[in-house]
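Accompanying notes for the structure given below.
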Amino acid sequence: MKEKNIKTQENNPILFELEQGYWRENKIICGIDEVGRGSLAGPIVTAAVILNPHAINVFLKDSKLMTKVQLEIISKWIMMNSTYNIGISNSRIIDQKNIYAATQITMKKALFHLLQSTEKQPDLIAIDAMPLPLINTPYEKIPVASWTQGESKSASIAAASILAKVTRDNIMKIMHNSFPGYGLEKHKGYGTAAHIQALKSNKACVVHRSTFIKNFKGKSDETAKQQSLFS
């Protein structure tokens, strides 16, 4: 499928141009996006979302352009106006598989669970940035399209990015309570100066990705002990 030249503006329903074209033909789009690929700690979270036909919200946009309050409000609207599923893979899976493979595994988790739970079968799977091969799966005949900055070109991808972000942010709050001292609630596990300094000053914990933090001292022994508790 050729990428459409879709102009996007904040708070403008033109973001739904791709979806409206499909809806007019009684076709369905499933959007997929992930959050947390570049983080030093915490899971990677993906969402697969099928918006209800003709459900339009002019405030829907890329999650990275939204405030915390906006995210909470629009995420509730998405959940009320879509069929969706969330996929999660923890730091151990990321370390074992590598981040690229773990991302694809997590996307398939969200997609397969979604499609197994609904009679809605998409005519297009739209993904932000990365390919998602579906060969030798029950869904291999469904067209898959991926675009860089897909959240600005498809409302379905934007909706998936929002649900994935809200879910992951909530997970990081819980992890912060279990593993204080790293500021996980504030930086959500990303490599901020404060987080890197905390890693240099303290031992890493079980939610850190050992393959991402191997250049920082003071993590290996304690992380291995903590991970053994989850084996």
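Note that Cβ sites are derived from N, Cα and C of the backbone, with glycine treated the same way.
The divalent metal cation site in TrEMBL is built from Asp33, Glu34 plus one of Asp128, Asp169, namely Asp128. Of all the binding-site residues listed (Asp33, Asp128), Asp128 has the fewest other CB atoms within 10 A of its CB. Within 8 Å of the centroid defined by the CB atoms of Asp33, Glu34, Asp128, the record's divalent metal cation site, lie the Cβ atoms of Ile32, Val35, Thr46, Ala47, Met107, Ile127, Ala129, Met130, Gly150, Glu151, Ile157, Ala160, Ser161, Ala164, excluding the listed residues themselves.
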